[in-house]
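This report refers to the structure that appears directly beneath it.
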Amino acid sequence: MKTKLILLYGGKSAEHEVSLQTAFSVINALDLEKFEAEPIYITNEGEWVQGPLLSGKLDFVEQLRFSATDRVKLATAESEKSEGEAISPAVLEADGQETVVFPLLHGPNGEDGTVQGLFEVLNIPYVGNGVLASSAAMDKIVMKKIFADAGIPQVPAVAVRLIDWKNYQEEMVTEMEEVLTYPVFVKPANLGSSVGISKATNKTELIEAMTEAFLYDRRVVVEQGVVAREIEMGVLGNDTPVCSVPGEILPEGAVAKFYDYKAKYQDNNTALIIPTEVEPEILEQMKEYAVQAFLGLDASGLVRADFFLTEDNQLFLNEVNTMPGFTPYSMYPLLWQETGLPYGALIERLVDLAKERHAAKNALKYKLED
C-alpha cells in the first residue's frame, strides 16, 4: 500500500512565498508510485484548504494557491464534504492508511514548534524536527545559549528586549558599543530567511536597524560582524546523524551586503560552491560542532548548520536551520546531492526517518504499570 503523504505548506508567516516554492519543488519530485500525495494549503489568513490528490507534476507555483473561488470539495471535521469550506486541522488524522505529514512551512507557525505540537497531539508521524528542536532553533537567543552550553564557538552578541529598548535606548546602545564593534547585524530573535535583518555600520544605522527588527519581534539579537567565509553543512538522521560535504555561499560583488532574503530566494547572483575546500582539521571540527548542535537541540530528520570561517581559521557556528530552503536549487538538497543522495531519494529518506522516530516514540511507556 502507498504511504499517504500530506504536504502542508503556505502559512501565516512572512515566509509564505518561500513555503510555496518549497512545496512546488517537493511535489514535482515525488514518486507517485510510492506515495499518495495530498496538498493542504494554509492561507495568509491561517485558513487550511485541502487540495485534490496529486496525479502528476505541476506547471506553476500558483496552482498551489487554492482560493475560495477554485477550491475543491473539502472534508471538514464536523460535516459532509461541501464546496468552499475550509478544513479543520483534524483532517491530518490518520484513517488507517500509513500516513506521514511533510510540513513544508518556514518561519513562525511553521518551523517554530507550533504546528509540530499539533502533529504530536494527533500522534501522527511528520517529517523534520520535533517541538523542542523547532522552537529552540527558531529563537536565536535560546539557540545561542544551547550552543554556549555545548562549548560551540559563536560570534559575540547582545540580546535586547523591546521594553528595555523603549525605556533605556541610550543605555542599550552604549552597552552594545562597549561589547561589539561595527559593523553589527541586527536580527529579530524569532524569524528566519534574513527577514527583518539589517547591517549597521554606525550608531544611526544601529538605531534604524533596531526599529526595523522590532517590527517583527519583541526580542532582538545584535551580533558582531566578522569578515569570514560562509560555509554550510547538512545534517541528516535521528539518533545517529551524519553530515554532508560542506558548501560555501559567495554573493556576487556588491549585489548584497550580506546574504539577505532577496539573495536567498529571488536573485540568481548568489553562487554556491559545493563541495568547497576546507582544511581537513577544520572540516572535522565543523562536523563535530554540527553534530553537537543537532544533538544538543534534540533534533531529528534534518538540520542545516551555518558557519563562519575567518582568514585565520577561527570557526564560529552562526545558526542552525531546522527547515532549510528545500527547492532542488537550495543549499541543503544540493549538499546532499553532492554527497551522493539525490533530491528524490532525500525526500524518501526524510519520510523514513519520520516513521522511525514516530515508532520509537510510540514504543515508550506513558503510564506506570498497575
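Every residue gets a Cβ built from N, Cα and C, even glycine.
Positions annotated as domain 'ATP-grasp' by Swiss-Prot, on the basis of sequence analysis: 144-352.
When secondary structure is read from DSSP and collapsed to three states, Arg219 (ATP binding site) falls in the strand class. Per Swiss-Prot, the feature ATP binding site maps to 177-232.
DSSP gives Asp306 (Mg(2+) 1 binding site) a strand state. The Mg(2+) 1 binding site annotation in Swiss-Prot covers Asp306, Glu319.
Of all the Cβ atoms in the protein chains shown, 18 others lie within 10 Å of the Cβ of Glu319 (Mg(2+) 1 binding site). Sequence annotations record features per position, and here Swiss-Prot assigns Mg(2+) 2 binding site to Glu319, Asn321 based on sequence analysis.
The Cβ of Val184 (ATP binding site) lies under 8 Å from the Cβ of Met176, Lys199, Ala200, Leu206, Val222, Glu223, Gln224, Gly225, each of which sits 6+ residues away along the same chain. Of all the binding-site residues listed (Glu177, Glu212, Asp306), Asp306 sits in the most crowded Cβ setting, with the most other Cβ atoms within 10 Å. Sequence-distant neighbours of Ser198 (ATP binding site) (same chain, 6+ apart, CB under 8 A from its CB) are Phe185, Val186, Glu205, Glu208, Ala209, Glu212, Ala213.
For Val226 (ATP binding site), applying a Cβ distance below 8 Å and a minimum sequence separation of six or more within one chain yields Val155, Phe308, Thr310, Phe316. Take the Cα of Asn321 (Mg(2+) 2 binding site) and measure to each of the binding-site residues Glu177, Arg219, Asp306: the nearest one is Asp306. In the structure as shown, the Cβ atom of Glu205 (ATP binding site) sits within 10 Å of 16 other Cβ atoms.
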